[in-house]
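The block underneath contains the structure these notes are about, expressed in structure tokens.
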Amino acid sequence: MTPPMTCVTRPASPATDMFSRILTSGLIAGAATGLIAALLQLWFVQPVLLHAELYESGQLAHFGAEAVSAHQDLGPFEWTRNMLSVLFTMMVYAGYGLMLVALMALSEAQGNAVTARQGLLWGLAGYLTMQLAPAFGLAPEVPGVAAADVQLRAIWWLGTAAATGLALWLVAFGKGWAAWGVAIVLILAPHVIGAPQPDSYAGPVPPELSAEFAGRALGAGAMAWALLGLLAGWFWQRESQRAPVPQAA
Amino acid sequence: MTAKPMTAAGASRASVLFPAIAAFAIGFGLIFMSGLVQAETLHDAAHDVRHATGFPCH
């Protein structure tokens, strides 16, 4: 005689369950933040970018015979272009969200509680890692500025993000001066080595626009990362509370 | 060797590591694809986002 079925769905293994919880929290927090980040960028960053493109394309010339008005008609709203930007911003932030929640899960398994409030700190650390530290060497570029080879910059960018992220983990969870010493070296090393720089300055875009663009890009990034951290922490805490508590053997 | 009783944290640590690495890798893949791959179509579609997010673009 077969015993009566008491459970309709087969319980998932702890690892599968954990994977789906990380995926759910990370993707939802990331996509929601991505949408807000995209709106912030379209509102505050995109006009500066479009303005700079007028100089990149040669429609306007900086230091020509006459002074150029700082107020230009930037054309109508480009739906295809801007919707692609919304889509890709959501993808980028979904990626950030997954990485952030994966690390939150690892840290929680080591006994560190993660809440929305803690999440704010995680978001700040993510911002330092993925935006501010790389920007210290390679400021967010407006189109049409002079820059070194893109592959070299990508390698330096990735190396800086990896080193800074690892360093911040060591600052937060390392115990003692050995860990903190390594963290200091990791934070400084990419900038002591130095980011790849162009051989000459040949950008046609006015420095005022470049500076405004860098400030706007970093500012919008800071807002978005704060939100991402909050949301990721909140969703993760909510998922953790729903999960069965692992039983001590 | 003395048998160590498995703690709650220990039990969950083992079941967290691989899912976390997998999710981290997927997240990195998304960022790499939207932010850094230089293939022309991808570059053109993600152009504004790459500039606005501070990725090296071109």
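Placement of Cβ uses the backbone N, Cα and C atoms for every residue, glycine included.
Taken from TrEMBL, the feature transmembrane segment applies to A:21-44, A:83-107, A:119-139, A:154-172, A:177-193, A:213-236.
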**Message:** Counting only residues 6 or more past its boundaries, what in the same chain has a CB within less than 8 Å of a CB in the transmembrane segment (A:213-236)?
**Reply:** 21, 24-26, 28-30, 32-34, 36-37, 40-41, 44-45, 48-49, 52, 93, 96-97, 100-101, 104-105, 108, 114-127, 130-132, 135, 139-142
**Prompt:** Sequence-remote contacts (6 or more beyond its ends) of the transmembrane segment (A:177-193), Cβ cut-off under 8 Å?
**Reply:** 133, 136-137, 156, 159-160, 163-164, 166-168, 170-171
